[in-house]
Amino acid sequence: MKKVFISGGGTGGHFYPALSVAENLKEKGFSITYIGTTNGIENKKDFPADEKILYPMRAVRGKSIVGKIQGVFSLLSTTFKVYKQIKKEKPDFSICFGGYTSIPLGLASFLARVPLYIHEQNSIPSYSNKILSYFAKKVFITFELTAKYFDRKKTVLTGMPLRKNIIERAKNYVYKPNQTKTVLVVGGSQGAKKLSESIISLASEMKDIKFILIKGKWQVEVPNLENLTVYEYVDNMEDLYTSADVVISRSGSSSVNEILCFGKYAIFVPFPYAASNHQYYNVKWLKDLGLCELIEEKDLSKEVLKKALEDAFNKDLESLSKKIKEYAIFDSDEKIVENILNDFKND
């Protein structure tokens, strides 16, 4: 049986694209070994792998000197453990989806001379993917502008692998304006307290608009308003996307690409502490095309959001939806898998 090693975890931004590609490979008859960390989302979520191996890894970025040393040591020691596993199982290739948890599999694959492929989710690549790109056979990118950070001969624009239920619902979805204006607010996995508080305040003023707020982990005081529905987290995002006229969201890669797939006009508020400010650049290109609004956290207020919403509802959202959807890539997982399998056909 054909075998592949996959790594991508720590957070959902790395985990879910890896899961999407793994499901595709399973359908094609591959045996999958997943490499992750005991400290990440992968320790709580199922993954379509025949074997799931989790190691106690530590991050390096943003830590103290002692923390960095501990992080480097944990990644190097894990690299040698993964190397032994690779020599034992002899995979045909490995795929890494970024984040510090990918470094051991990437380095071990290089040392064991196993073909390595990586996928970069964000506009500005992570340090781990920058390092691993030197050893990779191909670098799959989500945004066209990311190619300049890698060897262009290696880069392939594939888009962002998304969950099946999102893709299946979005493919044939056509936006039609709601009778009652509806705004979906997505705080992202880390939440957005300031954004949530601004929306709650705004909902009490703009009573002709229905607000659906996914607030994340933050504790905020929620008044009893008929036009405001609040969730901490939801699994059925596809239902909420289809019910909205406008989306207000953080701009992590998964959220951005889901919004593109549903063709939603969005007001993006990038998470200001994202590495290299990548959330800002994930949507700057879309703003330059006039297909979204972009508000930096430092400029965020109830008044600014109110003005942005009023401007949004004065636009031809139906026409904009068609233009936005043109930038969606619905078969990202298949593009990645096809590119890899074609390499083996041509070798």
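Yeah, the Cβs are placed from backbone N, Cα and C, and that goes for glycine too.
Swiss-Prot lists THR11, GLY12, GLY13, ASN122, ARG163, SER189, GLN279 with the feature UDP-N-acetyl-alpha-D-glucosamine binding site, giving sequence analysis as the kind of evidence.
Overlay of Swiss-Prot feature records on the structure.
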residue: THR11; record: UDP-N-acetyl-alpha-D-glucosamine binding site; CB count, 10 Å: 17
residue: GLY12; record: UDP-N-acetyl-alpha-D-glucosamine binding site; CB count, 10 Å: 17
residue: GLY13; record: UDP-N-acetyl-alpha-D-glucosamine binding site; CB count, 10 Å: 24
residue: ASN122; record: UDP-N-acetyl-alpha-D-glucosamine binding site; CB count, 10 Å: 25
residue: ARG163; record: UDP-N-acetyl-alpha-D-glucosamine binding site; CB count, 10 Å: 18
residue: GLN279; record: UDP-N-acetyl-alpha-D-glucosamine binding site; CB count, 10 Å: 27
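Under the three-state DSSP scheme, ARG163 (UDP-N-acetyl-alpha-D-glucosamine binding site) falls in the coil class.
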